[in-house]
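Taking it in order: structure first as structure tokens, then the write-up.
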Amino acid sequence: MGRGVSVFLPALVARSEAGCGGCAAGRVALYSMEPPDFESMNFTVAPEVSAYPVCKEWKEGAEGSVFHLANIFLFLGFMGGSGFYGLFYLFTFLTLGFFCSTLWSWSDSCTTDSFLWSLAIFAVCLVQVLHMSYRLRSFSFDKDFQELYSCMFKRVGVSLSHFGKIVACCDGEVQTLEKDRCFAIEGKTAIDKLSVLLSGRIRVTVNGEFLHYIYPFQFLDSPEWDSLQPSEEGVFQVTLRADNPCRYVAWRRKKLYLLFAKHRYIAKIFALVVRNDIAEKLYSLSDKTFDRYGHRYDLRLPCYPHMPGTEIERADDHLQVPVQSRGAP
């Protein structure tokens, strides 16, 4: 474009001089003209304005803090575990997280939809927390039953709701047994309940000879309970006497079978803990009993109830009988 203007100007000047008779004024005027600035005359397209605002800087006010706090609570909530306490932990932090999210949405008038959703989810989580708090309060037990749950039922995965039904079956009562009083008498006491010792120690004898001890959180009559069918009746073949003041929990046989009929899961739990108790007693007796030669006694032998009681009692008190040679008299 510049070269075309430089060629066109001398011809225009020559014509002007010929027409005007060499007018100096016209010549000065022509030479004083500047070429137009075509670059400044070019039209440029204006940038299209975006429908969404562009984030130019991070917000540092209270609004951003509440937003981050909400996400922290949500993150902690989803780290909860399973079970009743895990759900309580989960919904507690979800309630806090959506409450902070509701506050953050309320601070911005352009987020009405976010505010309504956050408020609705916050209300649902709050109702769930209140409901679980009520259930947790209803599952509060006395110290004795709390220890019973921790030592026997919690380790096999029994929930607090199922344990509450187990406690209700025994009416939440704890029985007492004074020192030297008998819980059961051999050949006389009927097998009509299932009991767990909470404190103290029970001596088990057969034909007047010591058999073994029963310690806290062991069943008092698990072998007798497991040996009978629901429709059968029987009596104790051993005598159970308190060595010191004892406290125990007892479930009546008929009420417990009614509970088993309604809740098969509880029936399986009792079958598990009762048979585990029997196995532990048998293995403890096998480890602590010796014959007169000092050899470990085999509980499968039929003459076990007739062996000397003093030797077993010493073994139960952690006093082992010295091993003698086979040639000793």
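Using the three backbone atoms N, Cα and C, a Cβ is placed for every residue, glycine included.
The domain 'POPDC1-3' annotation in TrEMBL covers 63-288.
Among the features that TrEMBL reports, transmembrane segment is placed at 84-104 (among others).
Within the chain carrying the transmembrane segment (116-134), a Cβ under 8 angstroms from the stretch's Cβ atoms is held by residues 84, 87-88, 91-92, 94-95, 98-99, 101-102, 104-105, all 6 or more beyond its ends. Marked as transmembrane segment by TrEMBL: 116-134 (among others).
Note on the domain 'POPDC1-3' (63-288): its mean pLDDT in the predicted model is 86.
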